[in-house]
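A.B. asks: The structure that follows is given in the form of structure tokens.
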């Protein structure tokens, strides 16, 4: 009987495994827990190995060919399930100090290809291996002595990891550097670095391979560093009043698996351990054409370059590629309802595979909410007619949000969809600054470059940059698109035809090849758009979407400096490339210790034709950050972003005939919440 | 008996007049209706004239000297009413074709000074005189014939006004041009211009002084131009769901007259017929110093330059100064509750004087509301410690909003105060485009410059710019301030001290004179701040506020072109001047037909010392506008703006100890609203 039950349970387990492994509805759905388990089983069985001898550095969806996805999308509802493209996973594993690229077919339950990567650079670091090596110093005698020498209690020391970058070394091992902090008396470890110590750990060997204790600088005091509410002392303030938000007829969006529909939009929200949220197949309903029209095939943050500006021994290497080295998806943190997202938000969970292939759940990884910010979608008051006319439409938009906490920094990543057709990408920088210890306690003591701002006693907030490079595979009403720069140029009136001496006009210029589309913004008055040269409005304007840039920064590192060679994809604010399935990561697939051989900047040098082709727009949001005292001990959010805005995509204002939502004054409530 | 009653009523009238005329609480309160009546009475009596022989072009508060206002502010509550500076009104009247500047003392009920203005340019145009001359064509036979010739019904024609600018004329009369539109079958008159007709009216003579009918172009059809909801035909959409907003413990702000306090902010909201809302004496409470600290003495939109880019006869002159010619305050429209502002808004009325001096009320002219947009004030998730820490503070801010509708365009003007110390100025452009008639119906027909975008049959949206120049009299913790450019400069590492070849560092540069502070943004990595050089943080950083620019545009007109001579205050994105009570209007006090002799650009040429002085920051938000079909027949809001953000103004994050507002899920409601 017991045996029978056991067999039954085993059967059930396999059955449920099989079932759930195939329960994806959309070809771009992220891998689900059952699929991770299946991949894990297949790979571990094939290699007869598990961590630490075989580690999964990356498991993600091996994206089906775009043609297959599009043909699936256009198939009718009945046959849709049957036209789902084959489901494959891409595995990057570390095995015997090699990086393996393994493609697993999930329906066939087998490995379909394996490649040993022989180029430069290493795959993303897992949380597990970082945790492992972070614990090594505490068993490493020289480190213990260094802590003692500083008069600190080692039980309050915590070490975190930093990628090492590349500085011209010919041979590289897969290493990282450990950064240690003191935690006694404050939760804000990043404000209290132990400076002067270099600990290099080998991630494949899982041991400390280099150690120096060069100098001793006071660890900043705990006082004034705390940010946890329960540990604060009065006076408190400022006081902000509470509020509640009610949607009497429910939210306007529907979530079906990973597909979201709202107002005139539909799109898919995927997730990847490296990229974080990925928005796919975003289409907008055209009231006039009575159909959905595709805008964005796929959009995500491709790389995120954060170079610090301190060239000294303890800091020079801090030139992070937060996506390729640490994983913006792996770093996503659970969102707190009513604080990270408003009361009317819905939440999606996310799953990634640990280094052992076991799925790890991030609850409330992504939230989706309708934003009622009090903005105005459009309006006009007309006083020239007999009766005054006043027509106002309040703005409502849909936000998809996640927060990635990469060590000290918290990055708020918003995708905002507007009924008027705009997609706004928002980036919020908050969390804790990268700070270094110093002997200074007053600016007057500083006689040479301190590489940052003195924020408090013994504490410098180091100068740095943030460059978020977005991959935006726009498909304006189809794949064949062109990139058009509409330059605004001054025309001098040379005859007597006008009392004016000048005006400006537009000179459109279609980019033929990639070289035409490498652009530094802000130097020239110009509108940049992706258009469909084969589709025009009734009046004959080419249908398109334009890039409305927000915060723009140009790199200040020398282009031949090592970090900038690796981060060369930020050399221009805009690139356009022909669609190429393999050109996904602007800093290269193997970004850790990369040497800049596989970046967007290198791909673009092939100078391929981009006219009337399936093209990808790459845009970098850049922020130079000079820390200030307000950023201490925790930073008020600093915001940036940009907008993709329809330009002659519609025949007219697409929200002209949108009725005003019932924005009611107050619901009838008989008690306070 | 009747006589007695009459005397009694007369007495009552004077008494109530006296009482209400003095019921201002704050020296910067705008003039109230009783005060307008008082001014009117005094001036009309003195000149023994009323419209049209004497017209009030401007009546506003004659600002008390800054020192008096500050000394009033710092006086104690008991003596405050007594230290109110003398109350004076500035009148600009048009009398016998002269512009008079009359200062009226309201407490003494007398004129204290009169000046006849002899320079170039004319005062703001009143609504009344514009209305008057707009009706003239309908009694003017040549115009009636022009309308007939076009086969139009004159009862559906409406004429609006346009300022004429200045194009090198030596002698100028006070004229304007009339623009006529056809209204049959659509509320959207601006989409249906009667092109080819020039009507020039003299505002002093109140008659048509020039008339041409040069050519006939089809008036665009009514079809597709309507924007009024009740006149739309299906299909409707997209559908946006309704919502309600509840603050269980009430709003967090208090309005006392024109003074507003909220969270850690207090400030005064004034109003002026020309400027619109004026924000004064904005101070923020410093939790550490336990006192309010002044940030902004006075901020408002000083001028608003809107040049169109069509040099042909019917359009070349359209180079508007919307503030100085039309009045952003006069053009404020009543806000619609639940649409222009959310449910939790409070409203302020505004009053201006008509040309006869009689007060005109704008109900709901300004709204004030707490904005809960779902943003995050600051956050951090800490995974490196034993127990996960997650601290999140949602963002709440306070918005002061008005909308000025200047003819076709609606300008949404927001002042947003954040508890973290930032003040964000938001500008939204919506309403109707400036459109011209054309014979074109398809882009392929256009063989020469059309000066705009073909939006529909016979309709071109004309290229143009918007430049909003803000007057920002920052007083960072006192009047004596300096302007510091912190340039980010690349440093080349020339020795072997670092594996890095470069980094950037900051090179601060204090502007000595006005020439050092004329800045075009975007060309150089730089942070711009107003600091108090006499106040520093404990660590020794100078306390300041920095300008975080948003949308920036550089003028494309030639600097010696007439419109740009008048709009020369936009030649730089930033100017800094020493405080000078008379330097209020960037385009000059007499902006209509001005010749650029009294602009910010001219004042700045004096190259005065601005170091450690009471200084004013001028910042221009610029937008080049290439119309697109989505802007037709009414424009989805296009947004711009900038931020003033504390930088080392506080010792630390000023919202570190702000408790999380009670953002409740849903109130208990027993019925739907």
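Each Cβ is built from the backbone N, Cα and C atoms, and glycine gets one as well.
The signal peptide annotation in TrEMBL covers B:1-20. According to TrEMBL, the feature domain 'Copper amine oxidase N2-terminal' maps to B:26-115. Among the features that TrEMBL reports, domain 'Copper amine oxidase N3-terminal' is placed at B:123-219. Sequence annotations record features per position, and here TrEMBL assigns domain 'Copper amine oxidase catalytic' to B:245-656. The active site, proton acceptor annotation in TrEMBL covers B:322. The feature 2',4',5'-topaquinone is assigned by TrEMBL to B:409. Taken from TrEMBL, the feature active site, schiff-base intermediate with substrate applies to B:409.
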A.B. asks: What same-chain residues, at least 6 away in sequence, bring their CB to under 8 Å of the CB of residue B:322 (active site, proton acceptor)?
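C.D. replies: B:304, B:305, B:306, B:328, B:331, B:404, B:406, B:411 - these are the non-local Cβ neighbours of residue B:322 (active site, proton acceptor), listed in sequence order.
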A.B. asks: Would you count the other CB atoms within 10 A of the CB of residue B:409 (2',4',5'-topaquinone), including those on all shown protein chains?
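C.D. replies: That number is 23.
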A.B. asks: Average the pLDDT scores across the domain 'Copper amine oxidase N2-terminal' (B:26-115) and report the rounded value.
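C.D. replies: Taking every residue of the domain 'Copper amine oxidase N2-terminal' (B:26-115) together, the mean pLDDT is 96.
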A.B. asks: How many helix, strand and coil residues does the domain 'Copper amine oxidase N3-terminal' (B:123-219) contain under DSSP?
C.D. replies: 27 helix, 29 strand, 41 coil
A.B. asks: For the domain 'Copper amine oxidase N2-terminal' (B:26-115), how many residues does DSSP put in helix, in strand and in coil?
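C.D. replies: Tallying H, G and I as helix, E and B as strand, the rest coil: 24 helix, 30 strand, 36 coil.
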